[in-house]
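**Student:** To start, I am sharing the structure in question, which I have written as structure tokens.
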Amino acid sequence: MRTESGSISSSPPPFTSGPISKLEVEGEKSVKDGNVGLRDRNACVKFLANNWFMLATIGGVCLGFGLGFIVRTTQPGTTAITWIAMPSDIYLRLLQLTILPLISSNILIAFATLDFKKDGKVGIIGILYIFALNLVCAVIGAVCALLIQPGSRVLVGNTNESAPLSTASGLTASDVFRDLFYSIIFGAAAKVSGEVAKTFIDFFKALSAIVTKIMSVFLLVTPVAVCFMIASSVVGRKNIESDFVQLGLFVVTVLTALAIHFILIILVFFISSRKNPLRLLKYSGPAYILAFATTSPALALPETYMGLDKYGVRQSVSRLLCPLAATLKGDGPAAFIAASVIFVAQNSRIELNIGQIFTILILTFTSSLATPNIPSASIVLIVTILSSIGVPTEGAGLLFAMEWLMDRCRSGSGALSILFLTATAEAIYDKIKKRKNAEETEFFTEHDEDSTSPV
């Protein structure tokens, strides 16, 4: 310590030793511990705020099973089961209210805003690949469900009982096909009409935004609706053990379809680029984790861009195809929707003919192009397709039991697919461009040789 005379004193400064310094140390330690505890509480609150929908849905599923098993002991009649199922029936009808305007407006906007001249050849390649992948994944999901037959398995000794039939068929396949046809025609006409159709297109963009907002509000009551949906399903079934087995096999079916889809996009990438797909897979982890956590591949686009940039995909390609793929690409949902519709039909003891299976594939393919990036949106499309082919929609209640997991699995799969789709489209474009340049070089070389040869 420096004294007034300027000399250095060896005595300690005041209030730095003894009991007071010990209290200060303990006080600082308690403040640090308090800050750590506050950070832990903030992290917990943040986790609950970000995942409240998933947690509430899981809670609704558990509460529904508990309520269903309790009510089962009273052996309720048909009237009581109808009243228990009424909230879920209202919920499903509200969702059906939004699906046709949503699909019609999104399909119309997609065809009206496609600009092949602006997007160029790489955009055309990407769009065609998206369409093909959606259709192939719908077929994969349907084939897996038909081969594994998760909804047809029952435990030995249990009798097969039909699920309660729906009182209203709702939409028909002809209704959906008619609206899709009109949407494609009007979208294409608006495209060729130019500037005069701008107001028309803006109207349907506003309609799509409004319907998506309405659907997102309806989906907020999903935990409550799921509770009554599960409870009515448990109360109305005597083979509840078989239902658990079927639900487990359904999860296996969907995961198998997603695994086949993943292997497919890797093979297509390898054939197109002749490069090691594991190198691209190395940069896809953050995008997959973010899409898995948020149930939306669109929210993972920043990580997708970063992964493609590290891999070496040109930004002009990734910034064009990634948003397009996030909007139109529904390969994961397509596999899930097709498998779910067939699972519910099998669970309802309904034999599907070739015509119905074909209808499922077409409706799944077209609706996957208009799947909004909101949680559990695929369930709405499943209910619509079930109603279109005449299958009772009550069986869709079982899907909510594992929807929180299935939604995340197909969202993560969608993020991986966007990465590989973009890299594949660039590889195909570069290969076509290289071949064209080689042909032009060969043509001009032959032309120069002919012009220099003596007459």
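From the backbone N, Cα and C atoms, a Cβ is placed for every residue, glycine too.
Per TrEMBL, the feature region 'Disordered' maps to 1-20. Annotation source TrEMBL lists compositional bias 'Polar residues' at 1-10. Under the heading transmembrane segment, TrEMBL lists 48-70, 90-114, 126-148, 213-235, 247-271, 283-301, 352-371, 377-401.
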**Student:** Going along the chain, which residues at least six beyond the ends of the transmembrane segment (213-235) come within the CB cut-off of under 8 Å?
**Tutor:** 53, 56-57, 59-61, 63-65, 67-69, 71-72, 76, 80-81, 84-88, 90-92, 94-95, 98, 102, 243, 372, 374-377, 380, 394-398, 400-401
**Student:** Near the transmembrane segment (352-371), which same-chain residues lie under 8 Å Cβ to Cβ, leaving out any that are not at least 6 residues past its ends?
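**Tutor:** Tertiary neighbours of the transmembrane segment (352-371) are 102-103, 106-107, 110, 131, 134-135, 137-139, 141-142, 146, 173, 176-177, 180, 328, 330-331, 333-334, 337-338, 341-342, 345, 377-378, 381, 384-385, 388-389.
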**Student:** May I ask for the residues of the chain that lie six or more residues beyond the transmembrane segment (90-114) and have a Cβ under 8 Å from a Cβ within it?
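**Tutor:** Contacts of the transmembrane segment (90-114) (Cβ under 8 Å, skipping residues fewer than 6 from its ends): 127, 170-171, 175-176, 179-180, 182-184, 186-188, 190-191, 197, 201, 204-205, 207-208, 211-212, 214-215, 218-219, 221-222, 225, 229, 327-328, 366-367, 369-370, 372, 379-381, 383-384, 387, 393, 396.
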